[in-house]
């Protein structure tokens, strides 16, 4: 370590070499100060000396010499030029010390004026150890703070902004760390990613992402629709039998669960002049939920597309980062083992993807694969069309069937058949992999996703046609509640089938593959089929939120339960036989959720609000020719109030303008 004794020796040597300068006190003092400052700066500039620099030596010096270190590029050189003509004329060998001093000056001078983020990045890029970088950062921060103290007399506003910026950065980092620490299922997701890779992990991330959507929708509906209705709710006189949990009817019909229970009057308590219009609250709350979901989907798609397609080298972890980077904050033994396992899995995925991209096929192999793919597509498309036709004819027959059978369980016929189709047909699609034999697992997942989304969205489209053209026009009392009940039954039946398949079906498949038919082996986690189950259920929730405002709460329970059920059922699966990186999967999942799922929901609800006549005896829109007439009446009322003309202008130029929707369509 460079001690004070060593510095004194430097001063003595300079005094012996410069006897002629001793007659000038000012020159002698300048040379001493110059040698001491050079020795200090050389400690910072040399890679080997940074390791032994004691930060306290800087704090124990007087203010004069510390200011000289800060102003090395100006005052030091000026004093040298004034007292000495050149180092060579004084007989000083400065070849090594001058080089170190200059390098230290350049390093500190370049770090001090930088912004905080740029300075940290520059220090991080230095070829030094972590301890050296920490000490260097402390030195520069201290000199920066002293410089800021002097500048404060002349530029107080700049220092205030700098302090605010630093405080904001610290608070932002602290908030990010807090959110990461309390994030739902954070540790469980790390374990899943370490054992099964990012491909299986993408399913659980997507499930958690959907859960946030439903939490927000439930909070909105509960705050602005359900709570106000509770203040005017009458006592339910129907008897609870227990069938309500399966059918959604009976006692639940006269609760806040369905559209028909809500009042169409304006809520006003006592002599208070404040009032609450349930018609506007109902339609605006549902619209706010859908609009928020719309922009959230667009933002998420843009973010994942940027990270995984436009700039993957910046936002993804390449092989070099995986091999040569380590998080030194991980110190716990179990955390270190989990981190090592995750890194090992990611390295295998990257290497496997590079190897798969270099595979080449002969012309004969390419033709064979082409015809196999064409045959698989023809069979899958024909199967989907047959299933849609079966659902359509069953839906038409369902009304007559319910008139003939008054059994409470008869209403579950249509949901049962639809759930059976959604369970069996995707498994049939998964068998095509034995014929197609995709070399890249990601491509196989994409193909299965497209086939399954075509099947499930087609079935939902058939059901929407049945609801809007048969149920809504059948003259049934409170047809909105009937649609809400059928969507509830579909959602519940799909959840029961998925839960039974996860806990029982996959376990039996594992026993068969291990004990009875060993050639089958242990199955792999079917990402496409499980993801499409989530998209199918979420599409039903978005359609039914207008007819059953409590559906987001029900979906919250099902998603929360399915996460733990799928996590438990992972013991029945083996890790993917072909490791592959699934960084782009979330982008594709969200795109499928947006189109055709969410766009189809918007079309269905738009037809309902603009084209269908509400029931005359139930719901907040009873007595109106169309649902949208509640907005028309409200706008007409605002026209008579000068203080609300800006709302009328927004409606006329946005909601009521064809050009606005045309521009919005182009943007999307």
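Backbone N, Cα and C atoms are what each Cβ position is placed from, and that goes for glycine too.
Given the ranges 370-395, 474-499, 500-525, the record in TrEMBL names 370-395 as transmembrane segment. Here TrEMBL gives transmembrane segment for one range in the set 332-354, 585-607: that range is 585-607.
Of the given residue ranges 260-279, 280-299, 300-319, TrEMBL assigns the label transmembrane segment to 280-299. Among the ranges 187-208, 209-230, the one that TrEMBL lists as transmembrane segment is 209-230.
Cross-referencing 539-565, 620-646 with TrEMBL places the feature transmembrane segment at 539-565. From the options 236-254, 407-425, the stretch TrEMBL describes as transmembrane segment is 407-425. Across 209-230, 370-395, 407-425, 445-468, 585-607, stretch 209-230 shows the highest tally of CB pairs under 8 A with the transmembrane segment (539-565). Most Cβ pairs under 8 Å with the transmembrane segment (280-299) belong to 585-607, among the candidate stretches 370-395, 407-425, 585-607. Tallying C-beta pairs under 8 angstroms between the transmembrane segment (407-425) and each of 370-395, 445-468, 585-607 places 370-395 first.
Counting same-chain residues at least six beyond the ends of the transmembrane segment (585-607), those with a Cβ under 8 angstroms from any Cβ of the stretch are 198-199, 202, 205-206, 209, 286, 290, 293-294, 297-298, 300-301, 304-305, 308-309, 442, 445-446, 449, 453, 457, 460-461, 464, 468, 527, 531, 535, 538-539, 542-543, 546. When averaged over the domain 'TMC' (478-583), pLDDT in the model lands at 88. In the domain 'TMC' (478-583), the DSSP tally of helix, strand and coil residues is 78 helix, 2 strand, 26 coil.
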